[in-house]
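Residues or ranges marked as active site, nucleophile by Swiss-Prot on the basis of sequence analysis: SER105. Per Swiss-Prot, active site is recorded for HIS130, and the stated evidence type is sequence analysis.
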Amino acid sequence: MDDVTKALNLVPMVVEQTSRGERAYDIYSRLLKERLIFLVGPIDDYMANLIVAQLLFLEAENPEKDINIYINSPGGVVTAGMAIYDTMQYIKPAVSTICVGQAASMGALLLASGASGKRYALPNSRVMIHQPLGGFQGQATDIDIHAREILALRARLNEILAKHTGQSLETIAHDTERDNFKSAVDAQAYGLVDQVLGQRPEELIQSS
């Protein structure tokens with residue numbers, strides 16, 4: 001049994017009473033009804049497709065009501081993360097982001113790209129920003145092509161972080177040169193989140 005199958009077997013089921021009787025949901029499907037999305041684990045194309053689909057579904061259900069994304073991710077594939085980022089900016093509902101555990105690399109970028117004033121971190125969460133990673137082999141011309149591509153990606157990611165944090169491009173470029181870990185309080189001071197939450201605020205309860 002692989003790790004994914006084991007994890008799925010551990011997902012709790014909840015039973016809801018309806019006018020038609022009882023209905024069982026896995027916990028994540030039930031929370032999706034409350035407009036809560038969980039971005040947990042490495043970001044790859046499969047996860048990105050799931051997150052994008054959930055965002056589009058919730059927009060279709062109610063384009064005026066906020067969506068909340070809980071993030072606990074070490075990062076992952078840049079293009080997969082950008083698919084989620086672009087969809088967050090594309091849809092009409094405001095997307096609130098909440099860091100639980102960690103938001104590293106692309107996870108940190110997605111955390112910072114939530115709606116202004118609605119980006120949160122829990123007190124003991126960690127945020128890490130850095131430049132994109134790349135390792136290539138093959139013919140010299142192919143290596144050169146990939147090197148130019150990763151430099152272009154780095155420049156674009158720096159622009160996005162600068163836009164959402166309010167930091168200058170020069171500051172972002174310097175601070176992402178190496179792995180840069182921040183506490184929740186430091187992430188707030190840097191502009192990656194707007195508030196550190198010890199308890200859920202009333203507006204978050206009402207929006208979900």
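Each residue, glycine too, has its Cβ placed from N, Cα and C.
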Cα-Cα distance linking the residue listed as 'active site, nucleophile' and the residue listed as 'active site', given in Å to the nearest integer: 6
Reduced DSSP assignment, SER105 (active site, nucleophile): coil
Densest Cβ neighbourhood among SER105, HIS130 (active-site residues), 10 Å radius: SER105
